[in-house]
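Below is one structure, written out as structure tokens; comments come after it.
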């Protein structure tokens, strides 16, 4: 939630190292004492010549560990012999079990050259990773490794960024250093770090390479002077801890990645409803009025959010006593809960250095970051001068739990249903070296002035309570391995990554801060700060509501964040370019980074949206997994009911989304169990079709639904690509035989979006929508059967209580259609009173041989609908012929 305050901030120390190949100047390493076993290989690596000390001191002795972990995964780790160099703590990213594989059974093979040491990873006769001809550099503050790539590779990943889904391959640098990035500019480092890339080689398969390293880094993709393609890692520290994984398809590769970083967390049923927020709701009356206006406009609103406006002078764990008084806030939350709706607020990591409970408790427990002389480390953010929680502190979880338990107490506080965490890169408005945070806060009016107090709501809100109507330190540790080498320059390392903010410490926490506990340096762990806050926040939410799935939406992420939280794509702006790029961002996070609860601020956060853009975005946003309208205080209000066409678009969007909610829930659950992505680029389902490799404006919503949005203003048509397959128009049911070519879809109203069902699919939908997901769960089901080219179709349905981390009972159905017969089988543990009331078979030109009161032909849709009354209590079979 960075605002215009930072737009004029100067870049500090923005030196950039050129593309010089230092590997040719450095001696590399020699492998000795090589030992090979059934499932592993180890070796000693010794510096092979005179140190070059390019950006630090060359380490003379390294270790090599190779593990054949499974038949599809290979672990290659190069680290210092003394294990003093920092490694990502297992408490942050638990390591996958490395036992059980063998070199003979593995699809991946490790080959090496001893002197100078280099290695290759092969799949069959194909080389996937090749470091030959470029010497390994392993220095105290700089590591470099280059791999050769095939010509014109199809590379994806290396987030977070707003560049193209398929990465550029010439003069391209991806910098990974989490930062507060207003307007999410292209070709810059953004909020998260995901050092994994996927190399898709068409019919030969897909493989991924994950570097488990949290230090700042530049990953360069370019060609040599003689045209040879390469990818090069340049990191500020850590070790080379690689995981190579392979699959026959991109989807298979994504599943393997999930096994390394952890399966995503399952979300509650209600979280897939529509959410509304805005930075700038002036008081609790305005929040209530927005809730009321949505109900009057007949636009379903599942969850209402409040930004930092609710806080007393922007201080976390406080309420503005005049604009958001506790009594009225509790009334608001009770009203929402009584109407089966939900409430979420924001919590930032930075705690105001002032007399408040969060600060006083933190100081008493010593859980804030300290400088190396033991004094409190201070920055400046929204509340003014701030302290920052140390997520490595042994007592940090207790502190965080206590703050949540007190402030969000259902009986005495604000009983939230989910949590929004922001500014957790961590952001610091005060530029480095920030020697006078008090002066900076004073000069920049932090905290900003609050709006005038309103004694009551100026307009009546029927149904709301009367109050909403108009009135007549722990000791630092220096011991332990894998913590980091001594005597490093933690502020200005010799090699400078291309951090858009300039120096490493600019607009964030100083990188020379040493954390409590093991004594990790912020220099090494900066990119983990947001994910560690995410984990602590998820734990705190579970502590206050044991057994219930906690929704936590975060801005800053690291690899594996999806196991704890969802992610919104940050402070975008109301432009068509950001509308378009949200698609590729969403696909990267959901399918490649395994963070499937994902979405962009619908209609844009910064600037002023337009009626057309917001109407189109409402339709697109309904196909994010996380669907929220949100914008900033200086922009015009953009709630969906503000414009007639946007309201109509939103109603249509939510109607389809809610009818599909169980399809969404089922596919999302599958990803949390297996890693199989729900949201997918086209090439995930058509991996041999080269025309899909660069397509980033269409996507699959599960395996069954192809979404092809209009992507520019003043347009009513879209050139949509249809692979060699059969598809059915969602609205008309008309069959479209794809031929591996573009098809122009015309006359697309601003309130519509082209949707097609992929042949071979059976989709369970609710028979009608509802105003809340609670009411939706009472609606019956309809099955839509879209036969494939071979005349068959299949699908699934998963149901549970919608909220429990470990449901007591589940319903897991499999649908198959073949030769006019529909079969339903599976696990029937979860009891529900709803039934399958109808089955619609697409692609039909004649009615079924059923009586008219049972079956009907919709010639306009080319579909036959058969009325049914199937209980979801046991297997069944229906003759649809």
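Just so you know, glycine gets a Cβ as well, placed from its N, Cα and C.
For reference, Swiss-Prot has these:
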type: SIGNAL; residues: 1-14; note: signal peptide
type: CARBOHYD; residues: 171; note: N-linked glycosylation site
type: CARBOHYD; residues: 293; note: N-linked glycosylation site
type: CARBOHYD; residues: 373; note: N-linked glycosylation site
type: ACT_SITE; residues: 422; note: active site, nucleophile
type: ACT_SITE; residues: 425; note: active site
type: REGION; residues: 440-485; note: region 'Disordered'
type: COMPBIAS; residues: 448-463; note: compositional bias 'Pro residues'
type: CARBOHYD; residues: 506; note: N-linked glycosylation site
type: ACT_SITE; residues: 571; note: active site, proton donor
type: CARBOHYD; residues: 572; note: N-linked glycosylation site
type: CARBOHYD; residues: 608; note: N-linked glycosylation site
type: CARBOHYD; residues: 742; note: N-linked glycosylation site
The one of 171, 293, 373, 572, 742 whose CB sees the fewest other CB atoms within 10 Å, among these glycosylation sites: 373
DSSP-assigned states of the compositional bias 'Pro residues' (448-463) in counts, ordered helix, strand, coil: 0 helix, 0 strand, 16 coil
Cβ atoms near residue 506 (N-linked glycosylation site) (within 10 Å, other residues, all chains): 24
Residue 742 (N-linked glycosylation site) - helix vs strand vs coil (DSSP): strand
Inter-residue Cα distance where the pair is residue 425 (active site) and residue 572 (N-linked glycosylation site), in Å: 17
Other CB atoms within 10 A, centred on residue 608 (N-linked glycosylation site): 14
Largest tally of Cβ atoms lying within 10 Å of a Cβ, found at which of the active-site residues 422, 425, 571: 425
Of the active-site residues listed as 422, 425, 571, the one whose CA lies nearest the CA of residue 608 (N-linked glycosylation site): 571
Secondary-structure category, per DSSP, in which residue 572 (N-linked glycosylation site) falls: coil
Residue 293 (N-linked glycosylation site) in three-state DSSP notation: helix
Of the recorded positions listed as 171, 293, 422, 425, 571, the one whose CA lies nearest the CA of residue 506 (N-linked glycosylation site): 425
